[in-house]
Structures are given as C-alpha cells and as structure tokens.
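What follows is a short report on a single structure.
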C-alpha cells in the first residue's frame with residue numbers, strides 16, 4: 001500500500017529557492033502549505049487542487065493548525081470527479097469531527113449527484129435519491145409523495161407536465177414533508193423548491209453542443225436544496241420544512257411542447273411559451289404554487305435558471321434575488337458565516353411586467369427590449385408566489401457546476417450553497 005503524503009501547515013514563507021510567491025513547498029517529510037493570513041482557506045483549497053494534479057491520491061493532514069474549516073477547504077479542492085482519494089484527517093474534537101463527517105456525507109452526495117450522467121439519473125431516480133438521502137438522516141420524521149406522468153396533468157401540474165412530456169422518462173414531482181414535531185397540524189416553517197431538469201436539450205429552441213454538454217447538471221438546484229435540508233437536520237433543525245422537487249427531462253420528440261403553446265396554471269396564470277429553453281421557470285412555477293399554499297414563513301427556490309446570471313457572476317457566485325431586504329440580508333449573513341459566495345442582483349416591481357405576451361398574461365422569456373434576463377426570470381417566478389414581497393428568496397445557482405477545472409475546483413459540481421441554506425434554516 002502506498003504511504004500517505006503528509007500535508008502540514010506553516011505561517012512561515014517558503015524557502016527562497018521556491019520563489020517569493022510559493023504557496024507550498026516539498027521536502028522529505030511531505031508537503032508544507034505556507035499560509036500568509038490573506039485568504040488562507042482559498043490558499044489551502046488551491047494547493048489541494050495542485051496536489052491532486054500531481055497524482056497524489058493519499059494524504060495525511062498532520063501537524064498543528066488543522067481546524068474543520070481548513071480541513072474542509074482542503075477537501076473542496078482535493079475532491080474530483082474521477083478516481084478515489086483518501087485523506088487521513090487530523091484529530092478534531094467530537095463536535096468538529098461530526099460536522100466534518102456530515103459535510104463529507106451530504107455535500108459529497110450533492111456533488112456526486114450533480115455529476116451523474118443523465119442516462120443514469122432521470123427524473124424519478126433523482127426524486128428517489130433525494131428521498132433516500134433524507135431517510136438516511138431522519139426517516140422517522142419524513143413522509144413523501146411522488147406524482148408522475150399523466151397523474152401530473154390530471155392534478156393540474158401543467159408546467160411540469162408540459163416540459164417533461166417530450167421524454168420517454170416521465171416528469172416527476174416530489175413533495176416531501178420533514179416534520180420533527182410529531183404534530184400533523186404543525187405549521188410549516190419553510191418550503192424549499194428545486195429545479196430538477198435531469199437533462200436540458202433546450203427542446204425545440206435547441207442548444208448548441210457547446211451549451212448542451214453540461215446539461216446533466218441542470219438539476220443542480222434540486223440536489224442543492226435536498227442537501228441543504230439534510231444538512232440542516234444534522235445541525236438540529238427542529239421546525240417543519242417541506243421540499244418540492246420539480247423533475248423532468250427537456251427533450252425533443254413528437255410529443256414535446258412547442259413555441260406558441262399556452263400553459264394554464266392552477267393559480268389562474270396563463271403563460272405563452274416563446275422559448276422552450278426557458279423551461280426551468282415553467283416547472284418551478286408548479287412547485288412555488290404548492291409552496292405558497294403551505295403559508296410558510298420562508299420560501300426558497302433554487303435553480304440553474306439563466307445564462308444571464310452566469311454572464312454577471314461567472315461560476316464564482318450564486319445570484320440572490322428578493323423583494324425582502326431583511327431576509328436577503330439574513331441569507332447573505334449566513335453565506336458569510338459559511339464561507340460561501342452569494343451576490344445579490346436587482347429585482348424590482350417593474351421586472352414583473354417585462355414579460356409581455358400577445359396571447360397570454362405572461363411570456364416565458366423577455367424580449368430584446370428587456371435584456372435583464374436573470375431579473376426578469378425572477379420576476380416571472382414572483383407571479384407564482386402568493387406573498388412575493390415577503391419571505392421569498394430566489395437563488396439562480398450559477399456556482400453549482402464548472403465545465404472546466406480552475407485553480408480551486410476540479411471540473412464538475414461544487415456543492416456550494418448547501419451550508420448557507422442550512423445555516424438560514426437553523427438560525
């Protein structure tokens with residue numbers, strides 16, 4: 001068996017022979033990471049990515065200075081989508097070790113689920129994986145309902161049914177109830193709604209290959225809110241929370257939805273489809289209607305919704321939208337506590353009116369006259385939230401997935417957002 005490479009921390013600069021910008025050095029005892037007090041967690045994560053790039057697959061984090069956040073930063077950079085990596089962790093107190101184990105279980109589940117090929121992860125498989133994860137942490141307090149295929153149409157989940165009907169794999173709505181109170185009439189504190197498009201071809205508004213090749217990850221919002229609920233439970237969540245995952249493929253077939261179709265929703269809204277590649281908002285609408293019907297204090301939806309958010313923020317931040325300044329501030333405070341990147345983008349009342357249609361109340365995409373695509377998408381969703389000005393957060397999760405490796409991340413899913421939402425739920 002190969003001996004593990006020792007990784008130690010130092011606050012002293014590297015030997016001058018390594019250069020004045022060296023973040024790590026190598027000697028007979030292993031590899032030393034040289035912390036300088038300027039973004040030490042980022043330095044550790046970037047160094048871990050380089051260590052993985054050297055082909056070193058077994059490491060031991062040894063010596064002084066390894067707390068849970070530094071351990072986690074190392075793992076975030078070290079983990080990749082190919083191969084097996086082994087880490088011997090330093091001694092941590094019981095609470096920190098339990099927290100680390102929970103992160104390794106749940107956030108790695110999120111990353112691995114998002115990275116899974118679409119052929120292996122259809123709508124029903126995604127819903128079942130979510131159930132399995134939540135049952136693994138709180139099965140006694142979890143009940144759920146899976147509605148799929150024609151049952152969705154019969155129960156008037158028209159957005160989800162319309163988008164998903166073009167695939168041989170039936171669309172699915174997962175409605176899961178985490179109720180630790182033991183009281184079936186307990187109020188619902190929060191609802192989480194996730195976009196679970198397990199593959200997005202764009203439909204008849206078809207994507208180019210360069211934009212389609214990562215679309216197995218278009219269920220990143222659903223995976224992240226599922227992980228967030230599971231992680232919040234491990235941190236002691238004692239309030240009732242409901243989870244709604246809107247899962248479908250968006251494919252082309254003789255039964256696929258078309259431009260000019262009109263979708264009539266249960267809340268009375270009707271929407272003209274002018275871009276089948278703006279499908280995420282169409283499925284989320286059904287989940288948000290259900291969430292609003294619970295009258296919770298808090299609704300959070302999460303979706304890989306727009307290219308516009310990526311244009312604004314790259315893959316480095318999740319985009320946050322809300323009419324509720326106080327709640328948005330709480331989310332950003334949670335993000336800061338968890339060292340996760342969120343950035344608030346504009347959402348104003350006028351964005352709700354920038355989706356005009358000649359044939360319906362709403363259009364599912366903005367015209368060239370209204371180019372703020374991420375904000376108009378959030379405005380669209382607000383029409384399906386009963387009290388949209390209070391208690392609602394929309395997260396356009398640009399940072400869930402990277403098509404190519406960068407200094408601090410391997411290609412693929414990041415798991416970012418799980419801890420922030422869990423923090424907010426348990427605050």
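Glycine is treated like the rest: Cβ placed from N, Cα and C.
Not measured: the values here are computed from a predicted model.
Record check: Swiss-Prot places 277, 279 at the Mn(2+) 1 site, and the matching candidate among 200, 213, 325 is 200. Going by what Swiss-Prot states, the Mn(2+) 2 site holds 195, 200, 279, and the candidate of 218, 249, 301 recorded there is 218.
In sequence order, 163, 197, 200, 203, 248, 250 are the residues near residue 279 (Mn(2+) 2 binding site), counting only same-chain partners six or more apart with C-beta under 8 A. In the structure shown, the C-beta of 200 has more C-beta neighbours within 10 angstroms than that of any other entry among the binding-site residues 200, 277. DSSP gives residue 195 (Mn(2+) 2 binding site) a strand state.
Recorded residues residue 281 (active site) and residue 195 (Mn(2+) 2 binding site) have their alpha carbons 8 Å apart, per Cα-Cα distance. With respect to Cβ neighbours within 10 Å, the recorded positions 195, 207, 281 differ, and 207 shows the lowest count. The Cβ of residue 218 (Mn(2+) 2 binding site) lies under 8 Å from the Cβ of 195, 197, 198, 199, 200, 250, 280, 304, each of these being in the same chain and 6 or more residues away along the sequence. Note: the Mn(2+) 1 site is recorded as 200, 277, 279; in the same chain, 163, 197, 201, 202, 203, 205, 207, 218, 250, 276, 278, 280 also have Cβ atoms within 8 Å of that site's Cβ centroid.
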